[in-house]
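K.L.:
What TrEMBL records for B:E107 is active site. The feature Mg(2+) binding site is assigned by TrEMBL to B:D11, B:D106. The domain 'UmuC' annotation in TrEMBL covers B:7-188. The site 'Substrate discrimination' annotation in TrEMBL covers B:F16.
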Amino acid sequence: MKYIINREQLLVPLQQIVSVIEKRQTMPILSNVLMVFRENTLVMTGTDLEVQIVTEIAIENTTFAEITLPARKFLDICRLLPTGADIKLEVADDKVKVLSGRSRFILSTLPAENYPEFSETELDHRFTINAGLFKKALEKTVFCMASQDVRYYLNGLLLNISNSRIKLVASDGHRLSVFEDNLANPAGYEARIILPRKGVMELVRLLDDPQIQLAIEFSSNNIRVTINNTIFSAKLVDAKYPDFNRVFHQDFLTPIHIQRQLLKDALTRVAILSNEKYKGVTFDLSSDSLKISAHNPEHEEAEEEIVTDYVGEPLSIAFNVQYVLDAISNIDSEISELTIASNSSCCIIDEPETRSYRFIVMPMRL
Amino acid sequence: MEAARKIIHIDMDAFFAAVEQRDFPQYRNKPLIVGGLPGSRGVVSTCSYEARQYGIHSAMPSTTAHRLCPHAIFVKPRFEAYREASNSIRKIFADYTDLFEPLSLDEAYLDVSQCNRCKGSATLIAKDIKEKIKQQTGLTASAGVSYNKFLAKIASDLDKPDGLYLITPDNGPGFIETLPIGKFHGIGKATEKRMHDLGIFTGADLKTMPLASLQDYFGKAGLHYYHICRGIDNRPVNHQRITKSIGVEVTFQEDLDNRETLLIQLQNLLNKALGKAKEKKLAAYTLTIKIKYSDFVQITRSRTLSKAITENLNALPLLDDLLKTAPTERRKVRLLGVALSSLASPSCNRQIDLFEQFQ
């Protein structure tokens, strides 16, 4: 059996699939991409059994066949062939010939019938959302997700649907990010699920067209997102996300407003002389002025002073400078607003007006 | 030129066994083995000199020891008693210098370069210390005196038991040249074999090797070997010995193959390790599990976290994850271990956690 596919059709879907495939596999077949040829379509699948991507591309009149190919090697071959090249696959027994121009490769295959099924329970919840909005929601939150935290539910993203409201929350305990917006089409239910970190990172990559509508379906175990001809599936984190709302329900001082870029530049400079491991910087607030300072074990010191609109008692609070910088960098407005809890227990960083996202940075003990 | 340092290495003679023989007269002058009991999977921790005549040595399986000397007395260790004796010895060291570095309960390095007692003679100080140890604990020690740690340690081994041996800066290099490579501290069985394969049998042979080839063959350790065969060892005596890792392990009476049981055992070991870390007021960021299979093949798997591993955290998913990456199907497990490393004093990391603060 012979199939001809254009390199440009194959490249992006194959890259998305390879991204899901783990480098080290417990089952050899999981290093392979499953390719199912049907009439006029080729369906490709890649999975690590936690996350799966299935994508369909149109090809001309084909006979049915199912094969699996070493995904990374196949991608590398396609990637390095010239732009616009036609790639011919010839299937024979346990080998597949890949031919293009004067290039010839023979790849090993594993029987497609051994490719594992991605188990899913019935997806009984559904909502639709604009891809651009969903991507923004993810980008404003994912950077706060924990990685490899023993509190495994923090290595993920909370998705909370409350009829016409969508809320995404991520936190590694040191900082927290909340994104909230309205759904154009009310979902008609209330649900909370936790998406696994790896799945979230892959999903962000798939949302490159901001115009389209996404159909998102989920159960208590699985989520499936349909993006044009691509279906993303992931197993959910089986846990309850911890309550974080109390951080907002406390007394706060009057907010301080600072030019975002000015604050970012000052923090970046001060960071140079902060402790390399703990990255602590001290904020000394007094009326009209914010002094940011740092010192390191070599007794070197940095200090920056910024004029602010703060009114109130003088106050000192310390933060990991990287956490503040991450938050500031994710603000879209020119002015950033910093609101510190009156007992210095946390700082909220957000935009002065629109409140679709807010970042919390927890302090360090002085 | 800088004056040579004066380093003493004190090594208690058959320490655990000697404490037992001191406390229980019926064990005296008899082959005594402290460690696992024969029939169990334990090993010899320490044995008396009477037992050593039968070829018994530490780390030997107790069952083998029993075969070599069927009338030997086997006792389980009493760590409390050893710790108490060890504390008395350390108090004696402190009378001579602040610069002493305990290596274990029964062994320590002392830097007596600045000590003015005994007219500043390191040999006389070592003799003095040995006498005080004998008076106050009823135990004997062997001392090695030299101008660095490497030679002091070798010296303490040369006149055991109840010995005192001096290696001076003048006779140090000559001494090292005749020393068999396996006697070098830090060269174990595996390295010894590799050295033999390279035609290196003595210190003199080692000295002929250029630095570059030693580094090629032995990596980082190459430089250390290059130096020690020339009698150069500038490692200071650290009074504040930094704990680098905290580990606990268990050998099972019978090999395990049930994954759930392995997980429970790992959890128990982790709790023990965390208890030790807490005692030392240290926070750990890296968790390592060690598995020794019934065929003695041993693997380790580790993970470093951004947050300290404490008792408050549910570590089960983490252990489960680590265990997943180790083959356990159709393989029996003989030994499990858990080690905590990347240790830091918790006060250094002052980051406040949201979920701990608001719950």
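For all residues, glycine too, the Cβ spot is worked out from N, Cα and C.
Curation does not apply to TrEMBL; its annotations are automatic.
Mind mapping these onto the model and telling me what they sit next to?
P.N.:
Sequence-distant contacts of B:E107 (active site), defined by Cβ-Cβ distance under 8 angstroms and a gap of at least six in the same chain, are B:H9, B:I10, B:D11, B:M12. Taken residue by residue with DSSP, B:E107 (active site) is part of a strand.
Following the DSSP three-state reduction, the secondary structure of B:D11 (Mg(2+) binding site) is strand.
B:F16 (site 'Substrate discrimination') carries a helical DSSP state (H, G or I).
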K.L.:
Within the chain of B:F16 (site 'Substrate discrimination'), which residues six or more apart in sequence place their C-beta under 8 angstroms from its C-beta?
P.N.:
B:V34, B:S45, B:T46, B:P77, B:Y82, B:D106
K.L.:
For the domain 'UmuC' (B:7-188), what's the mean pLDDT in this predicted model?
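P.N.:
Here the mean pLDDT over the domain 'UmuC' (B:7-188) amounts to 91.
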K.L.:
What is the number of other Cβ atoms found within 10 Å of the Cβ of B:D11 (Mg(2+) binding site)?
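P.N.:
B:D11 (Mg(2+) binding site): 22 neighbouring Cβ atoms within 10 Å.
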